[in-house]
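Record features, source TrEMBL:
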- 47-281: domain 'Protein root UVB sensitive/RUS' (DOMAIN)
- 167-193: transmembrane segment (TRANSMEM)
- 214-231: transmembrane segment (TRANSMEM)
- 237-255: transmembrane segment (TRANSMEM)
- 283-431: domain 'Root UVB sensitive protein C-terminal' (DOMAIN)
Amino acid sequence: MMAEMEDCEGVIATERYGSQESWKYLLKDRRMKRQKEEMDGRLAGNSISGVFKSVFLPQGYPESVSEDYLQYQLWDTVQAFSSSLSGTLATQASLRGVGVGNQEATVAAATITWLLRDGTGMLGRILFAWLKGNKLDSEAKKWRLFADILNDVAMFMEIAAPHFPPFFILIVCIAGIFKSIVGVAGGATRAALTVHQARRNNMADISAKDGSQETLVNLAGLLLSLVLIPLVTDNPLLTFILFFLFTVLHLFANYKAVRSVVMETLNEARLSIVLHRFLLNGQVLSPVEANQREPVFLSLGRTVPIKMGVRLGDIVQDPGELQLALKNNSKPYLIGIKNASVCVCLGSDASVHDEIMAACQALCLRNVLLNDSSLGEGLKQLADTKDPWELVSQSHKMIDHIFYTFLKELDQAKWRTDRTLLDWNEWRVEWRKKRS
């Protein structure tokens, strides 16, 4: 075998590094030579670009990350750069407010101001994580954008604070609370997006390279800040003008960044969009189409809340209501309409598909209760039912009829149905089945 290989000449082996570099081994005059192959008419793996990719992009890029990774990171870089410049203006204003450059200011007064700001911020961080921590996974886009808007509000308050000396401490403390909320919401949603971007269980690598990208951007912002600081010193008007321009760029880049994210996992908003289209014409939107329609701002409008994973007592108060909840229902969950809310009580043996089914049924009931004008034929029939328990009973029949077709279409449209981002609480209940 060895003699035959030595007698033949040409390519004897090839190798590649991801999709970036390809090499071939040539045998000529009984000597083996390694040579880089051409890709699209050019030599693959330019040394400068190769080094840049290895330093700032995850190993195995682009195969090791989601398809939306590059677009998101580009817009995230723009927003980080503009935020860095705005932060410089805010820091300068804060330092001036605590007395830097003022001979009458004391170190003790400045220290107390800084400690009060940091202390209120710490309390705000704990309180926000307690109240909203469980929402940050299911609504990562909304809270990511909210965090950046709140960060701009906090920096504006810091810039404005020195112009209101009697209220300086109060303003910077409120700004500190806002920034602590930004830290929690921004960090947690960034982690959720990292889970989405990771395609080879490489979340740590993606997070590390994101940190490198952000450090590079902050370094560029620092160099530009050295030019800006002499210009804005003792010039409040220019400070506010530049802050306004940087804020507009920051918010625009953030909006484009979260809009570029295409999550294949269903949360309440994406499931509602996909289900609504399916009920209208039997078609299931792809993840790209549904994500483009998903709202990215926190809603304050009127709606019917859906509470998933509630206690049994939140749905039924007596054995008679339990029997009503079990009418036409052999599923591992109970559903009811209480206090203008749709409540779902999940059984301990419910699967992920059962969770999706329960959420679909709850969304249908919410649309009926809201008198949605664009209801499909199935929901229009439900809308004629006035009694809440009869409405729930009829909705069980409807969901039994459509769900498994809907689930099959979800799989074909490349939605992930093995896990969800639905906001379930932790209550799980076992109940006695309806007596025959």
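Placed from the backbone N, Cα and C atoms, the Cβ positions cover glycine too.
Source: prediction; values computed, not measured.
In the predicted model, residues of the domain 'Protein root UVB sensitive/RUS' (47-281) average a pLDDT of 91.
Residues of the domain 'Root UVB sensitive protein C-terminal' (283-431) grouped by DSSP class, helix first, strand second and coil last, total 67 helix, 19 strand, 63 coil. Residues 75-76, 78-79, 82-83, 85-86, 89-90, 92-93, 144-145, 148-149, 152, 155-156, 159, 228, 231, 296 of the same chain, all 6+ positions outside the transmembrane segment (237-255), place their C-beta atoms under 8 angstroms from a C-beta of that stretch.
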